[in-house]
Amino acid sequence: MSRSPVIVRTLPALRRALDTLRARNASLALVPTMGALHDGHVSLVRLAKRRASKVAVSIFINPAQFAPNEDFAAYPRTWKADLARLTAEKVDLIWNPDAKTMYPAGFASKILTEGPALAGLEDRFRPQFFGGVTTVVGKLFAQVRPDLALFGEKDFQQLRVVARMARDLDLGVKVVGAQIVRERDGLAMSSRNRYLSPEHRESATALCRGLKEAAKRIRAGEAIEAALAGSAALITAAGFKIDYLEARHAETLAPVASRKDGPIRLLVAATIGTTRLIDNVAV
């Protein structure tokens, strides 16, 4: 029988639980989530268990990172299933605050970052997103005080933004990126995949196929612009409307013109039906 994790929903209870977990100088890893957990989240938990002696998972659907026209109300809430997954993985602690705990009356602060947060990717189409992400992640780091925190590479710009924030503000948290977990047909696992109709689910694999084809052509010596144009045609033909499909420096997210400019990451965001998906691959 799996040991049940400690579930806390208030800051005093969190502090008491952390004091217990931290006994004997145990190292602590945090996996921040918004719930609706899938195998990608589970892979983060398993990596966390390899990297630290204790693992905490936060589940908080952060209203501050959703614009008024986005899917906050419709975002899947699957507490029972999430708890079952985390219990099976023998997580030590679940931090599950509500919005009033995270943003109490009179809350008037925000962490705003530059650098990767202004790369012209997600920030161009979701201008309030990273202000919401950095603020809530900064609060989670202050509340949980982990030694390390794990984020998936699927949200690649977010990973770079959070890592930059942690370094710049001397937060004492090592931000660790984990490889994208994909379905058997290549689609990157995402809580939003459940929004896809059967037809759109089948077509959605074009995102990964397009990225991998472009990466292959760039590695073979084709110009980046030409490789991306071919992949854009493939993705558009599958029914997607592309927000961006770009080659960026894998660390700074600055635009790159050729492989000589440094390690390259190809990133895409596109909508099929009403579902917006993101993905990326290394070159």
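Cβ coordinates come from backbone N, Cα and C, glycine included.
Cβ neighbour count for Gly40 (ATP binding site) (all protein chains, 10 Å cutoff from its Cβ): 21. Look at Swiss-Prot and you will find 34-41, 152-155, Val181, 189-192 tagged as ATP binding site, backed by sequence analysis.
Sequence annotations record features per position, and here Swiss-Prot assigns active site, proton donor to His41. Around His41 (active site, proton donor), a 10 Å sphere centred on its CB holds 25 further CB atoms from the protein chains shown.
Under the three-state DSSP scheme, Gln65 (beta-alanine binding site) falls in the helix class. Counting only same-chain residues at least 6 apart in sequence, those with a Cβ under 8 Å from the Cβ of Gln65 (beta-alanine binding site) are Gln128, Phe129, Phe130, Gly131, Gly132, Val133, Val136. As annotated by Swiss-Prot, beta-alanine binding site applies to Gln65, with the evidence given as sequence analysis.
Feature annotation from Swiss-Prot assigns (R)-pantoate binding site to Gln65, Gln158.
Annotated pair Leu37 (ATP binding site) and Gln158 ((R)-pantoate binding site), C-alpha to C-alpha distance, rounded: 18 Å. Around Leu37 (ATP binding site), taking its Cβ as the centre, 24 other Cβ atoms fall within 10 Å, counting all chains.
According to DSSP, Gly40 (ATP binding site) is assigned to a helical segment.
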